[in-house]
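Q: Right, I'll just put the structure down here and ask away after.
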Amino acid sequence: MEGGAYGAGKAGGAFDPYTLVRQPHTILRVVSWVFSIVVFGSIVNEGYLNNPEEEEEFCIYNRNPNACSYGVTVGVLAFLTCLLYLALDVYFPQISSVKDRKKAVLSDIGVSAFWAFFWFVGFCFLANQWQVSKPKDNPLNEGTDAARAAIAFSFFSIFTWAGQAVLAFQRYQIGADSALFSQDYMDPSQDSSMPYAPYVEPSAGSDPAGMGGTYQHPANAFDAEPQGYQSQGY
């Protein structure tokens, strides 16, 4: 396989953590991982309020349990997805098959775009529910900073995941170009589908096998001097 296919060198090389952490997509994964922790951590720790007059806790976002559940679910799943693809980034240089690398990069594009969309939905949902929340439900303003942090980092996550999708698409384009020769090129002399054998440049000298040597004129074929006119006797 050609070196550099889909953004990584030839398979079998030694693992280089310094090169890994310098990759833009790896940096964005780590940032997205941190953002997801902030989102679900803020909601789990301070997203539910207690009212002395009520026995059960309620969600800080307009008392809508779906808002808190959505933020926690998306945050946890995005956290796990980041870990999965960070592990894939570590293993990716060891993948020797160009087709397998292509599948990994395509999955990166799809998953990253998927999470960018879900973070966009989550940001809109949480921001809307926060705007319509009633002050009387939280007179002491408990957990307001955490609620705003979850909204803000949901917004930031849109761009980190979209950036991962863009970088993965760039890797796909570069990888497709670099793998083109190794996948499609075939030596004509080894191609059995060709109707005729390839032309072989004749070499100087004798050809004992009689296969493609230089043409040899028969000895004395054209060496005889032309004879003069011979009169016929009558």
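From the backbone N, Cα and C atoms, a Cβ is placed for every residue, glycine too.
Quick caveat, the model's predicted, so the values are computed rather than measured.
Pulled from Swiss-Prot, these are the listed features:
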| type | residues | note |
| --- | --- | --- |
| MOD_RES | M1 | N-acetylmethionine |
| DOMAIN | 20-173 | domain 'MARVEL' |
| TRANSMEM | 24-44 | transmembrane segment |
| TOPO_DOM | 45-71 | topological domain 'Lumenal' |
| TRANSMEM | 72-92 | transmembrane segment |
| TRANSMEM | 104-124 | transmembrane segment |
| TOPO_DOM | 125-148 | topological domain 'Lumenal' |
| TRANSMEM | 149-169 | transmembrane segment |
| REGION | 201-234 | region 'Disordered' |
Q: Can you tell me the mean pLDDT for the topological domain 'Lumenal' (45-71)?
A: 90
Q: So which residues does the transmembrane segment (72-92) touch in its own chain, when a touch means Cβ under 8 Å and the partner is 6 or more beyond its ends?
A: 6-8, 15, 20, 23, 25-26, 29-30, 32-33, 36-37, 39-41, 43-44, 47, 101, 104, 108, 111, 115, 118-119, 122, 154, 157, 161
Q: When secondary structure is assigned with DSSP, how many helix, strand and coil residues does the topological domain 'Lumenal' (125-148) contain?
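A: Split by secondary structure, the topological domain 'Lumenal' (125-148) comes out as 15 helix, 0 strand, 9 coil.
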